[in-house]
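Okay, structure first, notes after.
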Amino acid sequence: MSPDWLDTIHWNPDGLIPAIAQETGTGKVLMLAWMNRESLQRTLETGEAVYWSRSRQRLWHKGESSGNTQRVVQMRLDCDRDTLLLEVEQRGGIACHTGRHNCFYHRYQDGDWQVVEPVLKDPDQMYGDKT
């Protein structure tokens with residue numbers, strides 16, 4: 001596979017691009033993460049989402065600890081070529097490290113942020129005490 005397609009992406013100054021994970025079938029936005037060239041190549045090689053963890057400064061195979069992997073159905077690049085959209089099958093039904101289906105569980109309502117999505121699995125059960 002020629003790496004030329006990677007050169008058409010508009011990477012930020014840190015060599016990253018935001019990647020939105022969207023659930024196939026429902027169209028729900030599950031999470032936003034970051035990718036670099038290596039994580040994007042690994043994603044294509046494995047068929048599963050591999051992101052770049054800015055906090056840990058390393059590749060992060062989504063679900064490597066929890067088992068909640070994301071099978072990539074398709075990838076799209078936006079019109080400015082600076083944001084990726086990954087259509088994924090969310091295995092295990094949990095995309096968020098908090099144990100929720102998605103990471104967007106705070107809704108602005110009545111002048112404050114309200115939690116509107118339930119915890120489906122206790123993070124301690126998924127990760128032990130690593131959270």
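In case you wondered, yes, glycine gets a Cβ from its N, Cα and C as well.
The Mg(2+) binding site annotation in Swiss-Prot covers D78, D80, D82 and rests on sequence analysis. Residue density at D78 (Mg(2+) binding site): 13 other Cβ atoms are found within 10 A of its Cβ, drawing on all protein chains shown. Under the three-state DSSP scheme, D78 (Mg(2+) binding site) falls in the coil class.
Under the heading Zn(2+) binding site, Swiss-Prot lists C79, C96, C103, citing sequence analysis as support.
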What is the one among the binding-site residues C79, C96 whose Cβ has the most other Cβ atoms less than or equal to 10 Å away? C96
